[in-house]
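**Q** Right, I'll just put the structure down here and ask away after.
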Amino acid sequence: MIKQRTLKRIVQATGVGLHTGKKVTLTLRPAPANTGVIYRRTDLNPPVDFPADAKSVRDTMLCTCLVNEHDVRISTVEHLNAALAGLGIDNIVIEVDAPEIPIMDGSAAPFVYLLLDAGIDELNCAKKFVRIKETVRVEDGDKWAEFKPYNGFTLDFTIDFNHPAIDSSSQRYAMNFSADAFMRQISRARTFGFMRDIEYLQSRGLCLGGSFDCAIVVDDYRVLNEDGLRFEDEFVRHKMLDAIGDLFMCGHNIIGAFTAYKSGHALNNKLLQAVLAKQEAWEYVTFQDDAELPLAFKAPSTVLA
């Protein structure tokens, strides 16, 4: 059978919090089968757990948060969640000694390296996928996102930013998902923001960790980072990275075709909640062997070496 995945060993890294600008220690721990993805704040006494759950997601101006019933939150979970989706990690406990996951370089790549360093372990329990059975679409003005049935996982994302630096690059990106494709084509794409917004937020004591080290920064005309872009179309690739993380908030890889126009964290989450709320639109599936498994989810040699 296709088995659930966790880590082989505990790994740790430090980074800076996007909101506070303070050092954050991140610890990734293996977890038993059917634990799911658990985010944990160890700066609170007692520590507070936040299971990845579409209904717990709140979209703020700067990031995605998970919020519990007592209104306690953990922030900036989206890029790490994308790395978990990319490598198909089903069970993990993610600890931080702060209210937020460190921003690292603004992409998912540092988290991918950390997960690969921990090693991927297979558990003796069937991996559950969410398979889309009916088309589900959500809209917000001219923005929309939808899932259609498809035996694999494809993503097709279009952005529409009126900016010289972004107009010059492609505003649409489509891919057949796989762990290899995610690592090579998506994981290194960084988040982006306007210099004037960062300066304004920092003047109000917000976004204190925001810098050229953790984002693509643009003014009204150009990219300000000395090293430029990692991809010509890094902006739309990062929006796809965000979507992969947002859609994995159900804790399972999804089998279906995702298409979006001008979508963001809030609309991606609205789509996920709409799918899960419509019982006839999806089902849990497991696979007995590799031959049945959609190509998208076959483990690359780098992951299970």
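Each Cβ is built from the backbone N, Cα and C atoms, and glycine gets one as well.
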**Q** Based on Swiss-Prot, name the residue from HIS70, HIS79, HIS163 that is recorded for the same Zn(2+) site as HIS238, ASP242.
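**A** Among the candidates, Swiss-Prot records only HIS79 at this Zn(2+) site.
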**Q** List the residues in the vicinity of the Zn(2+) site, defined as same-chain residues other than HIS79, HIS238, ASP242 with C-beta within 8 angstroms of the site's C-beta centre.
**A** GLU78, ALA82, GLY106, SER107, ALA108, ALA189, ARG190, THR191, LYS239, MET240, LEU241, GLY245
**Q** Spatially speaking, which of the binding-site residues HIS79, HIS238, ASP242 is closest to HIS265 (active site, proton donor)? Use C-alpha to C-alpha, please.
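**A** Comparing Cα positions, the candidate nearest HIS265 (active site, proton donor) turns out to be ASP242.
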**Q** So how many other Cβ atoms are close to HIS238 (Zn(2+) binding site), meaning within 10 Å of its Cβ?
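**A** A 10 Å sphere around the Cβ of HIS238 (Zn(2+) binding site) contains 28 other Cβ atoms.
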